[in-house]
Amino acid sequence: MSDDFSDPVKEVQTFDMVELEKDTTGVRNFLIHNMSSKGLIFIFIVFIFFENLYIFIGTRLPSNYNTTTVSYPLSQEYSNNEATAKIFLEPLSPSHQIISMTGVITRHSTKARVSDLLILNGFYDRLKGNSIVKRIQLKDSNRNYTFEPGFEESSKFYILQDMITSEFDGLNISLVFKTDFHNVRGFKFSYTYADPNLSKFMNTMKLLLSSCALYALIGFLISLRNTVKFCTIQIFCIFLGIAAFVSTNPLSVLINKNSINELSPFLCSLLMFVFRFFVLYLIDSILNNRESIKSKFSMVYIPFLILYFILEMEVSSNLYHFTSEKDSSSDLSFTEKLLISYHLVFCLFVLSLLIHLYLKTDGKDHFKVIVYSTFILPAVATTLITEVFLASTKATHTASIQLMVYVSTHVLVSIVFLFLHHTIC
């Protein structure tokens with residue numbers, strides 16, 4: 001018999017000995033696919049420990065900002081319709097972050113209700129070692145103020161604000177007020193600025209959150225070292241990890257520059273956008289048993305999430321720049337009310353989807369729903385508490401709760417999601 005024909009049995013045995021190349025294009029084997037109930041409980045206990053630590057600190061901390069109020073009685077030299085005020089503020093340091101100045105008018109008789117118009121103009125100098133660095137002119141502006149019966153102080157009116165950097169260490173303020181000064185006793189000016197000691201502590205907590213997110217992101221990327229082609233959920237996790245890392249703007253802690261500090265509202269809102277997108281993607285992937293993002297998903301969810309992101313960024317920016325101080329009214333603005341509505345709609349929508357998935361799924365998908373819900377629900381709960389209930393009373397405008405509860409919970413949940421989707425052999 002010719003030697004050109006080989007033994008088929010031997011070929012089969014040889015073929016069986018060949019190690020097949022790992023398939024990197026199919027369904028990935030993630031840690032969540034091999035997780036037991038005990039593993040889930042352990043991860044949840046660790047998560048709850050860190051979340052409760054941040055929540056406890058956040059609810060015990062005082063306001064991020066201190067306010068000092070100084071009375072300025074009118075001198076005998078004022079006219080019936082014009083008064084001037086000269087104020088010198090020092091020392092200022094970058095740890096004060098911002099100086100916001102508001103005022104009220106005080107009166108002698110408190111019987112009647114009085115409303116009038118206040119015309120304000122003037123300028124202030126930024127000083128560095130008693131030398132003028134820059135003069136900033138205040139545009140002539142009209143402020144309405146009202147005295148309610150029985151009150152000696154008028155409604156509050158906004159004067160000025162400035163972000164404090166290392167470029168100056170003092171302010172020399174010159175103001176001119178025009179109004180009817182009959183029955184007026186004087187002014188009370190309030191200066192709001194960040195508590196330097198609390199700012200240092202908050203910066204430490206920011207760096208801790210960012211460091212944990214960076215560690216989780218690096219660990220996730222290491223788990224991808226043998227992956228040839230990334231799937232959709234892996235790409236999502238990479239973006240989620242990056243967003244969690246930059247959400248607290250760690251660079252602003254190290255470099256005090258206005259251009260860097262201005263990014264804080266954007267970076268925080270960016271994490272929320274990516275996080276919500278990721279949550280909806282997880283729910284959609286289980287609901288429709290698919291990995292890729294379909295056009296229907298994009299058409300329905302993405303426009304809503306983009307508007308959500310823009311609203312949150314605008315409100316966060318207003319709070320960061322004390323824009324609400326410019327409005328003497330304590331009522332919520334239209335944008336703030338709209339954002340609260342978006343928070344409420346999104347949270348209720350996610351809750352309804354999770355309940356639907358819990359009732360509909362079984363087997364491995366049912367366990368995945370339980371795992372995801374375990375960590376999505378704390379994010380939903382903190383959003384409802386801080387951004388719906390507390391924000392409706394403007395409680396988060398001056399407290400540390402927003403960072404220590406709202407942001408920290410989303411960062412911690414993002415870290416858990418990265419861990420759950422580690423690629424394992």
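Heads up, the Cβ atoms here are built off N, Cα and C, so glycines get one too.
Among the features that TrEMBL reports, transmembrane segment is placed at 39-57 (among others).
Annotation comment: TrEMBL describes 207-224 (among others) as transmembrane segment.
TrEMBL lists 231-251 (among others) with the feature transmembrane segment. Remote same-chain partners of the transmembrane segment (231-251), defined as residues 6 or more beyond its termini with a Cβ less than 8 Å from a stretch Cβ, comprise 28, 30, 206-207, 209-210, 213-214, 216-217, 220-221, 224, 260-261, 263-264, 267-268, 270-271, 273-275, 277-278, 281-282, 285, 291-293, 403, 407, 410-411, 414-415, 417-418, 421, 423.
Look at TrEMBL and you will find 263-287 (among others) tagged as transmembrane segment. Beyond the transmembrane segment (263-287), the same-chain residues lying 6 or more positions past its ends with a Cβ under 8 Å from any Cβ of the stretch are 232-233, 236-237, 239-240, 243-244, 246-249, 252, 293, 297, 301-302, 305-306, 308-309, 312-313, 316-317, 319-320, 346, 350, 353-354, 356-357, 360-361, 365, 368-369, 372, 376, 379, 407, 410-411, 413-414, 417.
What TrEMBL records for 299-320 (among others) is transmembrane segment. Listed by sequence, the residues of this chain that lie at least six past the ends of the transmembrane segment (299-320) yet keep a Cβ under 8 A from its Cβ atoms are 264-266, 268-270, 272-273, 276-277, 280, 284, 333, 335-336, 338-339, 342, 346, 396-397.
Look at TrEMBL and you will find 340-359 (among others) tagged as transmembrane segment. Same-chain residues lying 6 or more positions outside the transmembrane segment (340-359) and placing a CB less than 8 Å from one of its CB atoms are 276, 279-280, 283, 286-287, 307-308, 311-312, 332, 365-366, 369-370, 372-373, 376-377, 380, 383-384, 387-388, 391-392.
Among the features that TrEMBL reports, transmembrane segment is placed at 371-391 (among others).
Residues or ranges marked as transmembrane segment in TrEMBL: 403-420 (among others).
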